[in-house]
Amino acid sequence: MAAYKYETHEYDVVVVGAGGAGLRATLGMAEQGLRTACVTKVFPTRSHTVAAQGGIAASLSNMGPDNWQWHMYDTVKGSDWLGDTDAMEYLAREAPKAVYELEHYGVPFSRTEEGKIYQRPFGGHTTEFGEGPPVQRTCAAADRTGHAILHTLYGQSLKEKAEFFIEYFALDLIITDGACTGVVCWKLDDGTIHVFNAKMVVLATGGYGRAYFSATSAHTCTGDGGGMVARAGLPLQDMEFVQFHPTGIYGSGCLITEGARGEGGYLTNSEGERFMERYAPTYKDLASRDVVSRCITIEIREGRGVGPHKDHMHLNLMHLPPESLAERLPGISESAKIFAGVDVTREPIPILPTVHYNMGGIPTNYWGEVLNPTQDNPDQVFPGLMAVGEAGCASVHGANRLGSNSLIDLVVFGRAAAIRAGQVIDREAQIPTTNKEQVDKALDRFDRIRNADGSVSTADLRLEMQRTMQADAAVFRTDKTLAEGVDKMRVIAGKLSDLKVTDRSLIWNSDLMETLELTNLMPNALATIVAAEARKESRGAHAHEDYPERDDANWRKHSLAWIEGNDVKLAYRPVHLEPLTRQDEGGIDLKKIAPKARVY
């Protein structure tokens with residue numbers, strides 16, 4: 001191997017990724033005086049959080065009665081009873097505080113007449129433990145909420161003297177004596193290698209939507225954290241649960257926020273019928289996302305799709321006043337014009353369910369500490385490593401995430417990780433020294449990939465993986481499609497060793513970067529389809545046609561997947577059923593969140 005010189009950096013904390021969770025963690029660490037570095041492969045305000053449109057859920061009660069227990073109930077039901085009770089309680093209870101903090105940091109929320117934060121209805125958010133009408137819980141900054149939060153957190157992080165390493169690509173974690181002690185990075189603009197030694201590494205690397213052919217995710221969403229964790233011999237959790245957003249623009253997959261339905265938009269089929277009324281009589285178009293995506297898919301299957309190929313649906317906003325569209329949904333009007341050539345005030349938007357969110361990820365507790373579960377201790381913490389945001393799996397979303405629960409997940413758990421790091425980091429201790437053996441191992445892999453001279457191009461292999469995942473691990477799954485998908489994916493993953501990289505340079509080498517990203521996507525994709533094939537029930541986003549019912553007796557448990565090459569080993573760990581606070585201390589009545597049939 002060519003000898004790579006590298007520069008070393010010493011920090012208390014290194015955060016990998018600068019989206020909502022990464023920046024909230026970075027800001028929280030820096031505020032406490034911890035020496036904090038944030039390493040990111042794209043400029044912070046280009047992170048994918050910028051594309052989050054609809055809003056951030058918190059029971060502020062600005063538009064009518066609401067409380068954290070109702071929010072928690074909706075999150076439990078949304079998760080199809082796979083979320084961890086302690087994490088879901090923490091999310092719902094801390095949400096208002098986290099949103100008010102954002103307001104004080106300077107997020108320009110939309111306002112009501114009285115000057116309070118404006119909140120809109122969103123799918124699956126209800127009152128009275130699912131018995132009452134829909135609630136307006138989703139705090140919005142027009143339809144550009146993620147954009148507003150990201151810019152604000154980046155500015156605040158700079159103010160607190162966090163140091164940013166921008167356009168640095170994380171290659172691998174450094175593991176020393178069973179703890180994470182740093183991360184190895186490649187600086188894209190000058191080709192240098194950098195080793196960050198730290199007392200704590202926080203992975204905030206986002207999801208792996210790009211494992212699929214059509215996704216609302218940016219092309220940067222390649223599951224880099226999951227890939228690094230898998231290579232370090234740690235498991236990924238609940239990977240079979242992939243959310244399809246009901247309304248991606250037909251053809252491009254560009255997201256149309258659920259806020260469009262929250263503001264009164266509705267779906268129709270080829271007969272002009274508001275078909276959701278048949279499937280979800282109470283909440284109609286605002287049922288949870290997995291439900292709406294399945295209903296659209298059923299309508300298309302039964303021949304009621306629109307368009308020449310009868311292969312998509314319509315989202316109607318024409319009946320809404322143009323001034324409210326301009327005020328509440330300006331970005332959507334623009335996206336529909338650019339990506340579908342549609343004027344939303346005059347014609348419906350063509351939409352189709354599109355991969356949007358990964359409920360699974362790196363297993364953590366509700367403080368964001370990464371777990372290395374064993375048979376004896378399913379909650380064993382892996383020292384020195386945290387994961388937050390879509391990269392992590394706390395699991396607060398279980399088998400299906402509610403809309404607008406992701407932005408609140410980012411700030412609540414980014415903040416929690418900072419609080420916890422402040423407690424566990426010994427400020428007096430030495431920063432770990434460079435583990436040369438681990439750095440060499442990471443650079444050896446980097447060099448092998450850089451000089452790969454096989455017969456398959458990265459773009460071709462990526463496309464083969466994406467098409468297989470889209471076809472065989474989709475909205476509806478069967479034993480047959482999943483078994484075929486597993487076989488196909490094992491073969492595809494096996495071809496990683498036969499990749500060809502044509503550009504050997506180290507500076508702005510997009511061919512090399514995309515190849516490294518593919519080596520991160522592949523373990524995520526493989527774990528997804530293997531875990532899905534094994535789960536013989538339907539729960540949340542995992543809709544199995546051969547097992548249409550949820551089976552709590554056998555399957556209310558988290559899957560764990562260890563990936564090595566094209567081989568996946570599965571195990572399971574129990575769901576946390578205990579809340580943080582007992583009912584007599586003001587906690588939720590556990591009878592309210594006992595498993596029951598999920599009807600909207």
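Glycine too: its Cβ is placed from the backbone N, Cα and C atoms.
Here is what Swiss-Prot records for this protein:
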type	residues	note
ACT_SITE	ARG289	active site, proton acceptor
BINDING	17-22, 40-55, ASP224, GLU390, 406-407	FAD binding site
BINDING	HIS245, THR257, HIS356, ARG401	substrate binding site
MOD_RES	HIS48	tele-8alpha-FAD histidine
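Taking the features listed in Swiss-Prot, we show where each one sits on the structure.
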{"residue": "GLY17", "record": "FAD binding site", "Cβ contacts under 8 Å, 6 or more apart": "CYS38, VAL39, THR40, SER47, LEU203, ALA204, THR205, GLY206, GLY225, GLY389, ALA391"}
{"residue": "ALA21", "record": "FAD binding site", "Cβ contacts under 8 Å, 6 or more apart": "THR49, ALA204, VAL388, GLY389, GLU390, ALA391, GLY392, ASP409, LEU410, VAL411, PHE413, GLY414"}
{"residue": "VAL42", "record": "FAD binding site", "Cβ contacts under 8 Å, 6 or more apart": "ALA18, ILE166, GLU167, THR220"}
{"residue": "ARG46", "record": "FAD binding site", "Cβ contacts under 8 Å, 6 or more apart": "THR220"}
{"residue": "VAL50", "record": "FAD binding site", "Cβ contacts under 8 Å, 6 or more apart": "GLY146, HIS147, LEU150"}
{"residue": "HIS245", "record": "substrate binding site", "Cβ contacts under 8 Å, 6 or more apart": "THR216, LEU255, GLU258, ARG289, SER293, PRO353, THR354, VAL355, HIS356, TYR357"}
{"residue": "THR257", "record": "substrate binding site", "Cβ contacts under 8 Å, 6 or more apart": "GLN53, GLY54, ASP143, THR247, LEU329, ILE332"}
{"residue": "ARG401", "record": "substrate binding site", "Cβ contacts under 8 Å, 6 or more apart": "GLY78, SER79, GLN243, ARG289, TYR357, MET359, ASP409"}
{"residue": "SER406", "record": "FAD binding site", "Cβ contacts under 8 Å, 6 or more apart": "ALA52, TYR357, GLU390, HIS397"}
Long-range Cβ environment of HIS48 (tele-8alpha-FAD histidine), under 8 Å and at least 6 residues apart
GLY19, GLY206, GLY207, SER217, ALA218, THR220, CYS221
For the recorded substrate site formed by HIS245, THR257, HIS356, ARG401, name the remaining residues of the chain with Cβ within 8 Å of the site's Cβ center, in chain order.
THR216, GLN243, PRO246, LEU255, GLU258, ARG289, TYR357, GLY403, SER406
Around the C-beta of GLY54 (FAD binding site), how many further C-beta atoms are within 10 angstroms, looking at every protein chain?
30
Would you count the other CB atoms within 10 A of the CB of HIS356 (substrate binding site), including those on all shown protein chains?
26
